[in-house]
Every structure is written in structure tokens, then in C-alpha cells.
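Enquirer: One structure, pasted below without further comment.
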Amino acid sequence: MSRLVVVSNRIAAIEGKKESAGGLAVGIMDSLKDQGGLWFGWNGKISEEDEPLEKNQQDNITFAAFSLKQSEYDQYYLNFSNTVIWPAFHYRLDLVQYQREDYDGYCRVNEMLAGRLKPLVNEDDILWIHDYHLLPFAAACRKLGMKNRIGFFLHIPFPTSEIFNALPPRKELLEKLCEYDLVGFQAESDRQAFIENLALVTTVEDLDDDRIKAYNKLVTARVYPIGVEPESIRELAEGPLPPKLAHLRDKMNGQLIISVDRLDYSKGLPERFQAYETLLENYPQHRGNIRYFQIAPTSRGDVQAYQDIRHELETEAGRINGHFSTLEWTPLFYLNQHYERSLLMKIFRHCEVGLVTPLRDGMNLVAKEYVASQNPNDPGVLILSHFAGAANELTSALLVNPYDRDGVASALDKALSMPLSERKARYQEMIAVIKQNDIVHWCQSFLDDLKKIPSKAEIVGQAVSGATR
């Protein structure tokens with residue numbers, strides 16, 4: 001029986017509580033348990049030695065983790081993945097720092113990883129590769145003669161040609177992507193951008209059932225919006241707040257606004273702070289009656305752009321609080337630290353407004369988690385950016401343009417004063433979508449489609465059989 005082989009930049013924690021794991025890790029773990037398999041990824045360690053893979057077995061799942069050398073980490077992860085692909089795919093060409101040697105290192109690491117994975121893979125195994133760190137991974141596998149079914153899911157947006165054309169290795173990246181059998185995207189706009197970019201550099205034949213032919217390769221390009229575990233989130237949210245937080249919530253009269261993001265320039269945090277400032281300026285009735293909590297733990301702190309955004313937010317938070325605070329009231333709480341996911345779900349449930357306004361986002365699961373954590377009898381209101389993939393599904397949120405500070409301020413005012421009947425109606429429409437398109441559905445849909453695609457070995461076998469008749 002074929003196994004599922006998952007490859008991602010970081011491997012999931014082998015020992016960990018389900019309530020602290022993200023939805024993606026839980027969904028993939030469940031899929032691995034169903035059919036047995038292997039999870040292959042980086043262990044987060046830097047080592048100059050050629051260390052063997054760290055292997056661990058948990059029931060019918062094997063975890064195989066590799067370390068990286070400093071030069072590999074720098075070129076593959078820090079430089080090309082996170083200072084070229086990440087900013088470009090989030091429409092920030094001004095932050096791209098491209099060097100050919102970094103791209104070469106990126107491809108070299110993908111080839112090295114494919115070489116280390118190959119001995120662990122059986123001929124009939126199905127490979128599921130995740131995210132932008134591994135765009136060329138299938139090409140590296142094919143180079144080694146691997147004919148397995150290989151699927152790829154891009155968790156971040158795929159940019160339009162005006163952006164993608166600025167990347168020097170764009171043709172190479174597109175050709176390498178066509179070595180996958182199935183390429184999955186968060187939204188139809190991402191899928192269309194992929195095909196549009198392909199059509200600019202090679203002949204693309206549009207076939208049936210979302211299949212295309214490019215570079216003499218058949219690839220299926222399809223949309224799979226990622227979901228969450230609504231029932232698990234509800235259970236976490238319904239639990240009591242820790243005593244200190246419960247006491248703090250009791251002391252805080254008025255309404256709470258919550259945002260939770262990684263500290264990243266794609267999340268629109270400075271623009272969000274400015275919109276909140278506009279709310280306090282233009283709607284003075286809310287002063288003293290609301291508090292805004294922005295939780296933004298540091299990520300990629302060794303990249304200069306992330307250091308810059310942290311400094312900017314600290315400055316903005318201090319300026320806004322300095323202008324509006326009183327002895328009894330502080331309007332904005334900026335928390336640059338990590339909180340357990342289980343605690344965040346409880347916090348979401350006690351906040352009247354969820355403010356999720358990225359400038360560009362593949363999906364944004366925080367939006368779905370906020371809705372799933374709400375009390376159906378007294379739900380909060382979600383304010384969501386048009387530019388998040390989640391906006392395609394959560395159409396009953398208050399949808400906003402994150403660049404329009406007046407528009408976001410107006411949406412905040414509307415959310416803070418929305419009657420219960422409207423809050424309930426919007427919540428019911430959104431939670432129905434979230435339950436229908438949950439993480440299990442996402443995993444199952446992708447893997448079912450991948451299994452239906454003939455492997456390269458089957459295609460070769462059919463061709464040989466036909467030629468001998």
C-alpha cells in the first residue's frame with residue numbers, strides 16, 4: 001500500500017499537544033496516520049557537520065529531520081526564500097534583494113534534500129510538498145529518476161505577471177513548477193496568475209479538468225482554500241480563561257478589539273494602527289470605552305525588514321497612546337510576544353471585534369479561527385481585508401481595504417455598534433462555510449485529486465505498452 005510522504009521546510013514537533021499545534025500540522029498528521037507515511041523537514045538546527053537524518057517513529061509515522069549548514073541556511077532560507085520569494089509574492093518588490101548565488105544555493109539545497117529523501121521513498125508513495133521554500137523540489141526529484149506522484153501546495157499568494165516578471169529566475173522557477181503533477185493554490189486569482197505567467201514564457205495548452213500542458217509536461221492546477229478545525233477551536237475557546245486574564249477582563253469595562261499576526265510587513269500593522277487612531281479621532285464616543293490588543297510575536301528577526309517593522313510599530317504604539325491615554329484608560333496594547341494557540345482561542349472569544357487586515361495574504365487562518373471561537377449566542381464581528389484569501393469565503397465579514405484608514409475606522413465603528421441580530425446572522429453564514437471547508441476537507445480533497453493523477457511511471461508504462469502493440 002502506498003504511503004503519504006510530506007515534505008515541508010520545517011517539520012512538525014514530534015512531541016506536542018494537539019491544542020498547541022496549528023491547524024495545518026494537525027490536518028497533515030491526521031492524513032499521515034490514516035495511511036501511514038513519512039514527514040521530512042528541517043529540524044531548525046545549524047550544523048557544519050554532515051549529520052545523519054534524525055529519525056523518530058510515532059505509531060505508523062516516521063519523522064525524518066535534517067540540519068542545514070550556515071551557508072545553506074543563509075542562501076536557501078534567509079536570502080532567497082525570505083528576501084526574494086516572500087516579499088515578491090506579497091507584492092513588495094522594494095524589499096527584494098536578489099543575488100544569483102542565493103538562487104543557486106536555493107536550488108542546490110532543494111537538490112540535496114531530494115537526494116536525502118530518495119532512499120526513504122518507495123516507488124508507489126505519494127509525495128506532498130509544501131510552500132515556497134520548495135518550488136524546485138519536484139524538478140530535483142525527477143532529475144534523480146523519481147516517478148512518484150508529486151503534489152505541491154503554495155500557502156502564500158502567487159503574484160501577477162507585473163510582479164513575477166521582475167524576478168530574474170522566473171522562467172526557471174515556472175519550468176520547475178511544471179514538474180509537479182498537481183499544484184494547489186489558496187484562491188482562483190493565484191491559479192490564474194500562475195497560468196498567466198506561464199503563458200508569457202512558453203506555450204500553454206489548456207486541457208480539460210484544470211489540466212494544462214506546458215514545457216511538454218502535464219500539470220493540474222487547482223484551488224484548495226485551506227481550513228481550520230472548527231470543533232477543536234470551539235472546545236478550546238469555551239474553556240475558562242486563566243485566573244489572571246479573567247481578573248483582567250473583569251476590570252476592563254468596555255469592548256475589546258483583537259489582532260494576532262506574525263510580525264511581518266505583509267500584515268499591514270502600521271496601517272492598522274493608523275486606522276485605529278482615525279477611529280479615536282473621528283468617533284470620540286469610543287474613547288475610554290474600547291481597547292485594542294495587537295499581538296505580534298517576532299519572526300525572522302535576522303532579516304532587516306522585520307527589524308524595521310518592529311521599530312515602526314513600537315514608535316506608533318507609543319505615539320498613539322501618548323496622544324489619547326488618560327490616567328484611567330490606555331487605548332492600545334502592543335504585545336510583541338508569543339502566546340499559546342489554546343490561550344488565543346479563549347482570548348478571541350472574549351473580544352468583540354477581530355481585526356484582520358493584511359495587505360496581502362494567501363489565506364489568513366486567524367480570520368477563520370476568530371469566527372470559530374465565537375459564542376454563537378453573542379458572537380463578535382470580523383473585520384477582514386479584501387486582500388486576504390479568506391475574503392473569498394468569509395463574505396459576511398466586514399470587508400475593507402487596509403490602505404483606506406478612514407474606511408477601516410468606519411468599519412470599526414460599525415462593528416462596535418452592530419446589533420446582536422446582525423452579528424448572529426453574519427456569524428452563522430461564516431461558520432457554515434468554515435465547517436464545510438475545514439482542514440480535513442482540505443487535506444482529503446488535495447490528496448484524493450493527487451491519487452487520481454497517473455504517476456510518471458504509469459505514463460511511461462502506458463507509452464511502452466502502446467508502442468509494443
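Even glycines carry a Cβ here, placed using N, Cα and C.
Sequence annotations record features per position, and here Swiss-Prot assigns D-glucose 6-phosphate binding site to Arg10, Tyr77, Asp131, Arg300 based on similarity to another entry. The annotation UDP-alpha-D-glucose binding site is assigned in Swiss-Prot to Gly22, Gly23, Arg262, Lys267, Leu365, Val366, Ala367, Lys368, Glu369 on the grounds of similarity to another entry. As annotated by Swiss-Prot, site 'Involved in alpha anomer selectivity' applies to Trp86, Ile156.
So that I understand the layout, could you describe where these features sit and how close they are to other parts?
Expert: In the three-state DSSP classification, Tyr77 (D-glucose 6-phosphate binding site) falls within a helix.
Under the three-state DSSP scheme, Arg262 (UDP-alpha-D-glucose binding site) falls in the coil class. Less than 8 angstroms from the CB of Arg262 (UDP-alpha-D-glucose binding site) sit Ala296, Pro297, Ser299, each of them six or more residues away in the same chain.
Less than 8 angstroms from the CB of Trp86 (site 'Involved in alpha anomer selectivity') sit Tyr132, Ile156, Ser266, each of them six or more residues away in the same chain.
Taken residue by residue with DSSP, Ile156 (site 'Involved in alpha anomer selectivity') is part of neither helix nor strand, so it is coil.
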Enquirer: Taking only the Cα atoms, work out how far Glu369 (UDP-alpha-D-glucose binding site) lies from Arg10 (D-glucose 6-phosphate binding site), in Å, as a whole number.
Expert: 22
Enquirer: So the record assigns Arg10, Tyr77, Asp131, Arg300 to D-glucose 6-phosphate. If I measure every Cα pair among those residues, what is the longest distance in angstrom, as a whole number?
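Expert: With Arg10, Tyr77, Asp131, Arg300 as the binding residues for D-glucose 6-phosphate, the largest Cα distance is 17 Å.
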Enquirer: Using C-alpha positions only, work out which of the binding-site residues Tyr77, Asp131, Arg300 is nearest to Leu365 (UDP-alpha-D-glucose binding site).
Expert: Asp131
Enquirer: Based on Cα distances to Ala367 (UDP-alpha-D-glucose binding site), point out the closest of the binding-site residues Arg10, Tyr77, Asp131, Arg300.
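Expert: So, spelling it out, the nearest of the binding-site residues is Asp131.
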Enquirer: Using an 8 Å cut-off from the Cβ centroid of Arg10, Tyr77, Asp131, Arg300, can you name the remaining same-chain residues around the D-glucose 6-phosphate site, in sequence order?
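Expert: Residues close to the D-glucose 6-phosphate site, other than Arg10, Tyr77, Asp131, Arg300: Asn9, Trp42, Ser81, Asn82, His133.
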Enquirer: If I restrict to non-local contacts, at least six residues apart, and a C-beta distance under 8 angstroms, what lies near Tyr77 (D-glucose 6-phosphate binding site) in its own chain?
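Expert: Tyr77 (D-glucose 6-phosphate binding site) has long-range Cβ partners Asn9, Leu68, His133.
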